[in-house]
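Okay, so here's the structure we're looking at.
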Amino acid sequence: MSSVLLPKSNNFNAVRLLAALLVIYAHSYAFTGQAEWVARKSGVTHAGELSVVVFFFISGALITKSLDSSRSIGGYAVKRVMRIYPALILCCFLVPYVFSWMFGGANFSEILASKDALNYFITNSLGVWNLYFVPGIFETHPEKALNGSLWSITLELRLYLALGVLSLLGLMKDKGMQCLVFLFLILCLALIPDKVPLLGNNPALYGTPAYPAFSIIFLIGGLFYVLEDKIEFRPVAMIIFFAVLMLWAHKAGFVDLKRFVIFGLSIAVAMWLATLGPLIKRLPITHDYSYGVYLYGWPSQQIAYSILVDFQVRPTAIAVTAIAMPLALLLAALSWHLLEKPSLNFGHRFARRLDDARLRFKLRSGSAQAAAAGTADAKLEGGYAATSPQAPRR
């Protein structure tokens, strides 16, 4: 198993939590029509996008590892479903049916009868596609989307599905094959993204224009897992390399290259933070609140904006962040302890039972085949004995 990806060798929980909080920080500026520090300095990206880059890279490594360690594709699927869907479904219900009339200016009875609200709940809960707006909810806010972060959850689910399908096709049998498949997909997404199902950039069919870039980052994370035992991991050297390359791209005027180099730099910094030995023990974050913070971050900002307006306080980015961050952390903690963790535990137990049942079925099938073969052999031997002159009479 990859040493960096061992739970005791990293602090991915802390890094992902920091990334989720940075998404709130960045979105708060978007809510108020301002540009945050990273956006001002880089001119090509922002802190929220870089945080999602880190999410997808780490996810690519850990999900590929999960698929590799799963005893069956069924067990892998159960664990992925129980990780994503329970919290997603609850969040998609709470935003239109609870938060909207408490903080979004909606009428409770009208929302209950609203087909748009129901469509929002069902569509986003399935995770196949995304809807962002419901008439009558947050309509006086600068950002009217109920939860603008859901697109990345949908892409995550599609990537999980893609890995599962590749495994069913026998293309994930060993790390050598995984490496070739990942490299092939990365090339396809870079050169012909419109032709790649589920992960391509055709908004009418597959998703948003951001899908190819983040799918590539996920696959690079998968490659990191596949190759981590083969290469020497030096995050500080990676930081220096990407920093120098970023400065060169900036001076040369290569805007697109500069953006992707900054993506690489953010991943290198995240991996450096995740593998700081002494700090891992000082920050024993065992609960994974990052998913809940990410899910509830945007709705928390809508709530924060409403509260500030109601109290006639100017809704600056700092003010929105100051309210939204602790609120999202509270909702994430409740989600983790009351729903996500129990669902994960159930998923792991169910996956083990599924794998055990599959193993017992194989053993029984093998025993039945062996018994049938033994009976046939016995009949064959008996036939020879009956016709043989040396066969004793009974």
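Quick reminder: no glycine exception, Cβ is built from N, Cα and C everywhere.
Remember, TrEMBL labels are computer predictions, not curated facts.
Sequence annotations record features per position, and here TrEMBL assigns domain 'Acyltransferase 3' to 11-333.
TrEMBL lists 44-63 (among others) with the feature transmembrane segment.
For 84-106 (among others), the entry in TrEMBL reads transmembrane segment. Residues 112, 114, 117, 120-121, 124-125, 127, 134, 136-140, 146-147, 150, 153, 156-157, 160, 291-292, 295-296, 299, 302-303, 306-307, 335, 339-340, 343 of the same chain lie 6 or more positions beyond the ends of the transmembrane segment (84-106) yet place their CB under 8 Å from a CB of it.
The transmembrane segment annotation in TrEMBL covers 150-169 (among others).
Annotated transmembrane segment per TrEMBL: 175-192 (among others), in sequence order.
According to TrEMBL, the feature transmembrane segment maps to 204-227 (among others).
Outside the transmembrane segment (233-249), and at least 6 residues removed from its termini, the chain residues within Cβ reach (under 8 Å) are 4, 257-258, 261-262, 264-265, 267-269, 271-272, 275. Residues annotated as transmembrane segment in TrEMBL: 233-249 (among others).
Remote same-chain residues near the transmembrane segment (261-280) are listed as 4, 8-12, 14-15, 18-19, 42, 44-45, 50-51, 53-54, 57-58, 213, 217, 233, 235-236, 238-239, 241-243, 245-246, 249 (criterion: CB distance under 8 Å, separation of at least six residues from the stretch ends). TrEMBL lists 261-280 (among others) with the feature transmembrane segment.
Residues or ranges marked as transmembrane segment in TrEMBL: 317-339 (among others).
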